[in-house]
Amino acid sequence: MSARSASNRRSSASVHPYPSPSLVSIVLGAQWGDEGKGKLVDLLASEADIVCRCQGGNNAGHSVLVDGVEYDFHMLPSGFHLQNCVNIIGNGCVVNLPELVEEIKKNESRGVTNWSTRLFISDRAHLVFDFHKQSDGFLERGRGKSSLGTTKKGIGPTYSSKATRNGIRMSDLVGDFSIFTEKIQSLYNYYQLTFPDLDVDIEKIIAQFKELAEYFRPMTIDTIAYLNQAILDGSKKILVEGANATMLDIDFEDIASVVTSLYVRYLYQL
């Protein structure tokens, strides 16, 4: 490079608007799950300022043993038990709020404190309802011998609601509750048409979620803006915690099946 061109080069600091962003570590599964992500996440979380769940629901999870105390995490991020760690349930997650409350209480009984100021839920995260869970069971039963082996937690149907744009977000719950009531009634009617055997007391669910709205309102924020600001801060260590593994991805699972079949045949030939 000539001296002239070198002198005309701008420094990276002047080219990039944010030259020193915070470090972000991302942990995702490379296979079908159950690869030990929890152990790795636990190690990284101990040094993180922010731990963020980016996908999935409470259909999986892991336990963390600290000083003889075992903490269980299914929906909660892995830094929930760490006093100086902010925990975020991101916009890519689907959240069963009643079960999340139970998970919080269970870990609270084991010594977790100050969690309400360290836990945030994305206002864009979608909500899991009982009719999602029931329909999950109906779908599995209908597949017969070809069942997927889901946990029947309603995760798949909730993501289906998200994709068809009739799902309900945290922002709907903590917003105008009359609009939330209309939306959940409409969503329930939709599922009832699809699954006539649904047995759900929708009025009871509405009353339950009215209380949950007040419980989670202080924790519901725009997590995208929050994380962007944390990245720009430059001094934060951020850990993004994935749930589903690569081979369970809905775009690549068919490819994974073919690769697996070929690999098994190869092993038998050894």
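Residue 1 is the first one shown; counting continues down the chain.
Backbone N, Cα and C atoms are what each Cβ position is placed from, and that goes for glycine too.
Over in TrEMBL, the protein carries these features:
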- Asp34: active site, proton acceptor (ACT_SITE)
- His62: active site, proton donor (ACT_SITE)
- Lys162: active site (ACT_SITE)
- Gly33, Asp34, Glu35, Gly36, Lys37, Gly38, Lys39, Gly61, His62, Ser63: GTP binding site (BINDING)
- Asp34, Glu35, Gly36, Lys37, Asn59, Ala60, Gly61, His62, Thr151, Arg165, Asn244, Thr260: IMP binding site (BINDING)
- Asp34, Gly61: Mg(2+) binding site (BINDING)
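Take the recorded positions Lys37, His62: by the count of other Cβ atoms within 10 Å of each Cβ, the lowest one is His62. Least crowded of the recorded positions (Lys39, Lys162), judged by neighbouring Cβ atoms within 10 Å of its own Cβ: Lys39.
Of the listed binding-site residues, namely Glu35, Asn59, Gly61, the sparsest CB environment within 10 A is found at Glu35.
Gly36 (IMP binding site) has a Cβ environment of 9 other Cβ atoms inside 10 Å. Between the alpha carbons (Cα) of Lys162 (active site) and Asn59 (IMP binding site) lies a span of roughly 17 Å. Looking at Lys39 (GTP binding site) and Asn59 (IMP binding site), their Cα atoms lie 18 Å from each other.
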